[in-house]
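Here TrEMBL flags 224-384 as domain 'GTP cyclohydrolase II'. As annotated by TrEMBL, GTP binding site applies to R263, V264, H265, S266, E267, Q284, E307, G308, R309, T329, S364, K369. Residues or ranges marked as Zn(2+) binding site by TrEMBL: C268, C279, C281. Per TrEMBL, active site, proton acceptor is recorded for D341. Taken from TrEMBL, the feature active site, nucleophile covers R343. Per TrEMBL, region 'Disordered' is recorded for 412-445. As annotated by TrEMBL, compositional bias 'Low complexity' applies to 413-433.
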Amino acid sequence: MSVRLDPVDRAIAEIAAGRPVVVVDDADRENEGDIIFAAADATAELLAFAVRFSTGIICVSLPGERLDELELPAMVPDPEDPLRTAYTLTVDAREGVTTGVSAADRARTLQVLADAGSVAHDLTRPGHVFPLRPRPGGVLERRGHTEAALDLVTLAGRPRAGVLVELVHDDGEMMRAPALREFADAHGLAMISIEDLVAHRRSEVRGAASARIPASVAFEATAPVELPTPHGTFSAFAVREGTAEHLVLVRGDVTTADPVLTRVHSECVTGDVFGSRRCDCGPQLEESLARIAAAGRGVLVLLRGHEGRGIGLVEKLRAYALQDQGRDTVEANLELGLPADARSFAVVPRILSHLGVERIALLSHNPVKAEALREGGVEIAEIVDLDVHPTAENLVYLTTKRDRLGHHLVGLPGAASPASTPAPTTPVSTPAARPGAHRTNGETA
């Protein structure tokens with residue numbers, strides 16, 4: 001982008017101070033700019049300003065779990081918007097408004113949405129404000145204004161509801177980058193790009209070795225509780241980082257210098273919860289818990305927002321439909337216009353730092369995951385191979401992970417079609433550990 005942009009830190013500071021900023025997305029996406037500010041800071045004056053220079057449609061990005069609490073389902077069950085903007089039912093505040101459409105009324109509605117004490121009954125449906133459901137991983141998962149709005153207000157320490165309004169010219173045409181810069185300068189607003197916001201979030205983890213948990217990034221860990229499981233009792237706590245929430249299980253003392261057996265597991269509701277045989281996620285989760293329990297010491301990090309290697313549950317099932325037509329797991333994602341792997345492991349170094357873990361033995365056969373953790377400052381003493389769990393239903397999937405995503409699947413049978421070569425239904429054991437292993441590169445593993 002050739003226009004002048006401001007530092008992301010300035011935009012965060014502006015939002016923290018209650019002021020709006022301009023955020024522009026990629027030229028090959030919408031190539032447009034939005035005014036973004038914290039819903040908690042909405043006033044009649046600020047809304048009047050936003051409406052005057054925009055389409056007049058006021059959107060607000062809230063975490064998915066908060067939308068569920070407020071009983072705000074998707075506007076339509078299967079949206080046809082090519083950018084997959086996740087609109088919910090529209091709303092007005094139940095009290096303190098007249099028609100709901102005035103600047104003051106919409107500011108009131110935004111304040112209600114930002115108030116953590118609000119409940120579903122505090123809103124009427126339909127209304128004049130458009131809530132949006134962002135991807136759990138924020139801009140690291142989807143480079144949209146929906147995700148940028150929630151990321152920015154979260155980084156700024158404001159209540160987790162970010163307003164976004166699309167900027168237009170007087171003739172109704174969308175503002176593009178040069179005009180957006182002129183607009184920002186004319187009104188004294190900071191202007192950043194989503195690309196720079198992505199880089200900002202990624203850069204935070206690269207400094208984890210020295211900065212540990214950066215002060216500029218919201219990081220919250222709950223107090224630990226006991227969690228009895230079939231593999232024994234673990235200490236469990238939840239972590240909120242940015243817009244995502246994760247679960248961490250700990251066994252034994254993990255603060256000593258010896259490498260800590262560690263599993264970083266990507267959420268997979270179909271495999272982990274329902275035992276789907278299309279993937280190997282459920283067996284990997286069970287095996288990891290069993291190994292940590294047997295060792296008497298270890299950590300399991302369950303990363304939410306990683307469904308389908310980060311594309312989400314709806315898109316994963318769409319990808320499954322394409323796989324049923326003959327595509328492999330990579331081809332299906334790409335045909336949907338999605339990356340083969342959209343996950344971020346940026347929070348893991350912070351979690352390990354929070355626990356006081358110095359060195360780990362990583363339970364994984366995914367070299368990209370290992371490399372991402374190393375880049376974040378995690379010292380990996382060894383990589384411990386998990387067993388391979390091929391079935392007739394997942395053999396092609398596992399073979400694709402090995403051959404196209406670089407996963408280290410020792411003992412996996414050849415890439416023959418399951419229809420012609422039945423796969424074993426019992427796990428194929430692999431070596432337990434490879435001291436000092438250093439692999440280089442990429443759904444669970």
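Quick reminder: no glycine exception, Cβ is built from N, Cα and C everywhere.
Note that TrEMBL annotation is computational and uncurated.
Positions of TrEMBL features highlighted on the structure.
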residue: R263; record: GTP binding site; Cβ within 10 Å: 25
residue: H265; record: GTP binding site; Cβ within 10 Å: 23
residue: E267; record: GTP binding site; Cβ within 10 Å: 24
residue: C268; record: Zn(2+) binding site; Cβ within 10 Å: 26
residue: C279; record: Zn(2+) binding site; Cβ within 10 Å: 26
residue: C281; record: Zn(2+) binding site; Cβ within 10 Å: 25
residue: E307; record: GTP binding site; Cβ within 10 Å: 21
residue: R309; record: GTP binding site; Cβ within 10 Å: 26
residue: R343; record: active site, nucleophile; Cβ within 10 Å: 27
residue: S364; record: GTP binding site; Cβ within 10 Å: 25
Closest to R309 (GTP binding site): which of the recorded positions C279, C281, R343, going by Cα position? R343
Mind giving me a neighbour count for D341 (active site, proton acceptor)? Other Cβ atoms within 10 Å of its Cβ, every protein chain shown. 21
Can you tell me the three-state DSSP label for H265 (GTP binding site)? strand
Distance from R343 (active site, nucleophile) back to E267 (GTP binding site), taken between C-alpha atoms, in Å: 11
Alpha-carbon distance [E307 (GTP binding site); C279 (Zn(2+) binding site)] in Å: 12
From E307, D341, R343, S364: recorded positions whose CA lies within 10 A of C268 (Zn(2+) binding site): E307
For GTP, whose listed binding residues are R263, V264, H265, S266, E267, Q284, E307, G308, R309, T329, S364, K369, the greatest C-alpha pairwise distance in Å: 23
Using DSSP with the three-state reduction, classify R343 (active site, nucleophile) as helix, strand or coil. coil
Recorded positions C281, D341, R343 vs S364 (GTP binding site), shortest C-alpha separation belongs to C281
Give the helix, strand or coil assignment DSSP yields for C279 (Zn(2+) binding site). coil
Model confidence over the domain 'GTP cyclohydrolase II' (224-384) (mean pLDDT, whole number): 92
How many Å lie between the Cα of R263 (GTP binding site) and the Cα of R343 (active site, nucleophile)? 16
Cα separation, D341 (active site, proton acceptor) to E307 (GTP binding site) (Å, whole number): 10
